[in-house]
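Notes to accompany the following structure.
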Amino acid sequence: MAKRIDVSGLNAYYGSFLAIEDISMTVEPRSVTAFIGPSGCGKSTFLRTLNRMHEVTPGGRVDGKVMLDDENLYGAGIDPVAVRREVGMVFQRPNPFPTMSVYDNVAAGLRLNGKYKKSQLDDVVEKSLRGANLWNEVKDRLNKPGSGLSGGQQQRLCIARAIAVEPNVLLMDEPCSALDPISTLAIEDLIGELKERFTIVIVTHNMQQAARVSDRTAFFNLAAVGQPGKLIEIDETERIFSNPSVQATEDYISGRFG
């Protein structure tokens, strides 16, 4: 079930360095929210705080709240691994497990989280590959290495792997940056379908992509190199691209900087 994200007063650190400062926003369920902004503005760091991947980096920590419906993901006793089951992630470069088959890539998370009969795994693998619009392309090569697929197919395999464990939220960190235009279009079409089931947040440097796929867009910026990134504004995507409230947003979108 897709869930709502409410972030309030969030600061993220690497050691003593404040990477992002005082971020507050709401991400509605069954929607696509895009994060845009210049390199180094903290949008990917913020994305990673939404499933506690930020903590994997030595010295990574946050203060503030990230609520998934009524649950504080940083509350006492909350297991970060359990958080990452609820809030899945797709990374910038396709990263299928290189020694695993297509089938085993999709089934990996299920096997890690519990015991399943072969028939149950078969059903979930097919459902997930269909959900990622990949089934018809790989159904006859399920036992072949996932690394043998094309780049676009590998990224859809990673999406299938992420949705197999039925998360509530799907985070995507520049999922098309390493792909050709045809593969990018396939991923964008897939995002439009997946938002019917999941809450989706995507980081992208491609503003045309943000305009095409998202319902809401958040613009991040920083005052100078070495300063923390901040959320400048978030609004309906059409409004952000046609009539933003902040001059810096308009300057970035129009190409005056960034």
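Quick reminder: no glycine exception, Cβ is built from N, Cα and C everywhere.
According to Swiss-Prot, the domain 'ABC transporter' annotation covers 5-247.
The number of other CB atoms found within 10 A of the CB of Gly40 (ATP binding site), across every protein chain shown, is 16. If you look up Swiss-Prot, you'll see Gly37, Pro38, Ser39, Gly40, Cys41, Gly42, Lys43, Ser44 marked as ATP binding site.
Each of Phe220, Asn221, Leu222, Gly229 belongs to the same chain as Gly37, Pro38, Ser39, Gly40, Cys41, Gly42, Lys43, Ser44, is absent from that list, and has a C-beta within 8 angstroms of the C-beta centroid marking the ATP site. DSSP gives Ser44 (ATP binding site) a helix state. The binding-site residues listed here are Ser39, Ser44; among them, Ser44 has the most other Cβ atoms within 10 Å of its own Cβ. Within 10 Å of the C-beta of Pro38 (ATP binding site) we count 15 further C-beta atoms, all protein chains included.
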